[in-house]
Structures are given as C-alpha cells and as structure tokens.
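S.K.: When I checked Swiss-Prot for this same protein, it listed these features:
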- D12, S62, D441, H442: Mn(2+) 2 binding site (BINDING)
- S62: active site, phosphoserine intermediate (ACT_SITE)
- H123, R153, D154, R185, R191, R260, P261, D262, R263, K333: substrate binding site (BINDING)
- D400, H404, H460: Mn(2+) 1 binding site (BINDING)
Amino acid sequence: MSKKPVVLMILDGFGLTNKVDGNAVSAANKPNLDNILKKYPHTQLGASGMDVGLPEGQMGNSEVGHLNIGAGRIVYQALTKITKSISDGDFFENVALNKAIENVKKNNSTLHLLGLLSPGGVHSHIDHLKGLIKLAKEKDIKKVYIHAFLDGRDVAPSSAKEYIEDIENYMNEIGVGEIATISGRYYAMDRDKRWERVQLCYNAIVLGKGEEANSAVEGLEKSYRDNKTDEFVLPSVVLKEGKPKAKIENKDSVVFFNFRPDRARELTRAINDKVFDGFERETLDLTYVTVTEYDSTLENVEVAFPPEHLNNTLGEYVSKNGKKQLRIAETEKYAHVTFFFNGGVEEPNEGEDRVLIPSPKVATYDMQPEMNAYEVTDKLLERLDEDKYDMVILNFANPDMVGHTGVFEAAKKAIETVDECVGKIVNKVLEKDGTAFITADHGNSEEMIDYSTGKPMTAHTTNPVPFMYVSKNSKELREGGKLADIAPTMLQLMNLPKPSEMTGNSLIK
C-alpha cells in the first residue's frame, strides 16, 4: 500500500516582496509555482528578526531557518544570546573566555581574535569582537591581534573599509588591539574542503606569509584595485617595520568569534587539530576557544557558549512515533536539512535516511545556476516510489546560493530550475495521495538590488517567505505565521499530537 507522504520542500533564499526591480523570483518564468498559488491555499511566514529568535530587523539565514522549522518553536540564536550576555556583563566572567585570558597572562603570550568583521549577524557580529577587546582591556592584556575576515556577502560587497575603520577607532579609543591580517571569507571560511583556499588564510595568520600591506585599509584598497571585492580579498599580512605584526605561535590563545559553525570548522581544524590531513603544517600548542560549538568531534577546544539541547524536534518526535523519514539536499545545504534541522544533533534519528548529492565544483554558482537540483529531484522521485517514507525534508539550494552571486539572470535561471523540479515532485506526491508543503528558510533572490544605492545586493533579506499547502483536500491557512509553525502543521497532517516542547501552532485554520 502506498504511504501518503508529507513532503516539505524548502526553497532556500526564496522570499516575497512586492517590489519588481531586482526581484528574480517575480521575473522568473515559473508556471508550476504560479499554478500552485492559483489553485492551493498559501500564506506568508515571518523568517527574520524576533520571529526566528534574532534581534529585531535582523535578516534570517539558513542555519536559523532550519533550526526554527525543525524545532517547531522559536530558537533564540547565538547572536541574540551573546549580545545579551555582553549587555548583562556575564560575558566578561565567561569561563572559556577567561581560560584564554589566563593562558596569555601565564605565558606572557598573545591573544588572537579571529572572525568575520561584519555587522551582518549571520556568522558573527562586530559588537561581539568589541566585547572581546573590552574583556582583554579589563583583564590588562597587552598583546591583542585581530585576524579580520572580510564579508561582502551578508553585507554590501565592498563595505569592509567602514568596519575596519570602526574597529580600529574602537581599539584606539580603548587602548588595546591591532589588526594583524585580513582575508576574504572565500579563503578563511570555506566549508567545502577546498583546502587550497584555507591554506592561504592559514599561511597569513600562522606563518605571516601572503600579500603584504602596511595597514589593513591599504591591503583592502590594493585588492579593490585588482577588482577583488571584500569576499575575495587575498589573505594579507599587515607589516610593522617590514615584519608581520603578529603570527599565531605556541602558547598563544585564540578566540574564534564566529558563532555560526559551518564556515568556521575548517580553519579551526587547520590551526588546532593534532592530526590534520588537509595540507602539511606544524602542530601548535594553543588555548583555543570557539564562541559556540563548531563540531562535537573537535579536540582541545573550549566552547564559550555551549549548545542547549532541543528535545522533541520534528525529526526526533516523528521517529519516536515509529515513522520513517528522508532528508535530501546537495552539499551546500546538506548540513541544514540534517544537523540544523535536528536541533544541532549530528546523529540521524531512528528511521531517518539521508541522501547527499554533491554540489557542482564551480568557482561561483552563477556559472551553473541549476546546481544539482535535477539530480536531487530524480533521486527523490526514486525514493518516493519506494513507498517507505512518512515524511520527507528537501532543500533546493539554488535561489540562495545563486542569489549570493548578485548575478540577476543566473538567479532567474536558478528559480526556473527549481520551479521545474517542484512541478515534478508535486505531481508525484499527489499521485501518492500525499501532501506537499512548499516554503523557504529566508529571503535572498527576491531582492538583488540595494534600493538605496542601486548596486547589486548579495545578502539575505528580512522579507517574509511563502508557505503553500498542496494536497487533494487542502484546507485554508491562517495569516501571521512564522517558521516555527511549520512542524506543528506537518504533525497535524500526520495525525500526531504536538509535543509540549513545540510552542509553534498549526497554520491550518
């Protein structure tokens, strides 16, 4: 007998806005989604700010979106938690951070602060770096060096100068800290095992080798002259009297202040793992602190803000009730439909199968806007024909990953690809008498122009996202929902009572 699967399709970075300029979502030819909107109930969901546990006005992102969807409750994010701890003063008493401080005092060594220098709030926040500099000042640490990773992706592509000057002014004011290296996030924050990129960043911060400049701004301006925006700035060493200002050396302390794990793991492993095979390098004896847990298998790492365990996430609860589930995505979003969707738990639930389709190896995804969506779709259709699964969670990476390139025509093509795939999947789900829910984790490709400057916008947005309910007997949906309401809606369709931990509410009227 055919199971009636409940399928959740997350179209990553597919937001909604009435504005037409720079809107790849509205410009794309998408007959399947247009038809679904005509025929089936749909609503809009909040996917940013307080709706997902972020500060008001803060754009959503994939990690946060999948956490909230999978948890069925608002999950207060590391950004909100750390900012609050700085304003409450608890931050300055943090045990892990103070271990880094004590090590520097004991060995008369150096404190290195690594992370994305940006107010973007997706991977890091510049205010958290200021908190760390203030902590160093309060504890009377003299040798404090910043290894600044430049953004240009969650903020405007060429905005780094503003943030470099902001942090330099803060350090001058407070009387401690200097920038030792700068590096585009393309090198410092890879997540696809492109070790040749990570190695260039490692060489700058550990060996003092790379592009050279007499100041961070000089290094940045040199990069701009070579037509490289912030994200792609080659790892550069800031010199003092012809020598690198600082390198990470034995007995030093390192604090990596990115709070989002996925793009901080590789560099952490390169610097701190005792056994490492990404490239040849010496092992260092460091006190290494990460503000959040990047990976539970990392050794010799202190975690300043350890994860809080989320009980009864959608996947866990469905599993406890004896149901079978499938998670499927390509590499770029695989962690999102597994680790993040499961509340930061790496282990699959019982009865949870996973399918990973490798993302194409291209320099930037505007070169292949369809990415591997067709392969994901074909594999899913095969799996649906096995009639094994009660629930399927699927992510299409295209609207987000191609939206990040800022190339409008490519983003349009990305949406058109996804539309084609959605059409095939919806037909199969209806054939099985199942239900398809179509949503997104945050916006991106619906707003590819910065309306204030007219320049390309590569960041996420604060726009709402769609929620479409496709089945042979769809019911009306209520307004005013948020991502946390999706899991309770799916449980209702699966005839499972909502667990007490889920504070979201079903979207079905």
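Keep in mind that glycine also has a Cβ here, set from the backbone N, Cα and C atoms.
Not measured: the values here are computed from a predicted model.
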S.K.: Where among the binding-site residues D12, D154, D400, D441 do you find the Cβ with the fewest other Cβ atoms within 10 Å?
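M.R.: Least crowded of the binding-site residues D12, D154, D400, D441, by Cβ count within 10 Å, is D154.
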S.K.: Please report the Cα separation of R191 (substrate binding site) and S62 (Mn(2+) 2 binding site) in Å, rounded to an integer.
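M.R.: With the alpha carbons as reference points, the distance is 14 Å.
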S.K.: Within 10 Å of the Cβ of H123 (substrate binding site), how many other Cβ atoms can be counted across all chains shown?
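M.R.: For H123 (substrate binding site), the count of other Cβ atoms within 10 Å is 25.
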S.K.: Just jot down the residues in the same chain as H404 (Mn(2+) 1 binding site), at least 6 apart in sequence, with C-beta under 8 A of its C-beta; none if empty.
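M.R.: Spatial neighbours, sequence-distant, of H404 (Mn(2+) 1 binding site): G13, R153, Y365, N444, T458.
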S.K.: Using C-alpha atoms, which one of the binding-site residues S62, D441, H442 comes nearest to P261 (substrate binding site)?
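M.R.: Sorting the binding-site residues by distance from P261 (substrate binding site), the top entry is S62.
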S.K.: Considering Cα atoms only, can you say which of D12, D400, H442, H460 is the nearest neighbour of H123 (substrate binding site) among these binding-site residues?
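M.R.: Sorting the binding-site residues by distance from H123 (substrate binding site), the top entry is H460.
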S.K.: Within 10 Å of H442 (Mn(2+) 2 binding site), Cα to Cα, which of the binding-site residues D154, R263, D400, H460 are there?
M.R.: D400, H460
S.K.: Going by DSSP, give the three-state secondary structure for H123 (substrate binding site).
M.R.: coil
S.K.: Of all the binding-site residues here, R191, R263, H442, H460, which one's CB has the most other CB atoms within 10 A?
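M.R.: Neighbour-count leader: H460.
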S.K.: Over the residue list H123, R153, D154, R185, R191, R260, P261, D262, R263, K333, recorded for substrate, what is the maximum interresidue Cα distance in Å?
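M.R.: Answer in Å: the longest Cα-Cα distance is 18.
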S.K.: Where D400 (Mn(2+) 1 binding site) and D12 (Mn(2+) 2 binding site) are concerned, what is their Cα separation in Å, rounded?
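M.R.: Between the Cα atoms of D400 (Mn(2+) 1 binding site) and D12 (Mn(2+) 2 binding site), the distance comes to 5 Å.
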S.K.: Fewest other CB within 10 angstroms, which one of the binding-site residues S62, P261?
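M.R.: Minimum Cβ neighbour count within 10 Å, taken over the binding-site residues S62, P261, occurs at P261.
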S.K.: Measure from the Cα of D154 (substrate binding site) to the Cα of every one of the binding-site residues D12, D441, H460, then give the nearest.
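M.R.: Checked the binding-site residues D12, D441, H460; minimum Cα distance to D154 (substrate binding site) goes to H460.
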S.K.: Taking the centroid of the Cβ atoms of D12, S62, D441, H442 (Mn(2+) 2 site), which other same-chain residues have Cβ within 8 Å of it?
M.R.: I10, G13, A47, G60, N61, G65, H66, K333, H336, D400, A440, N444, H460
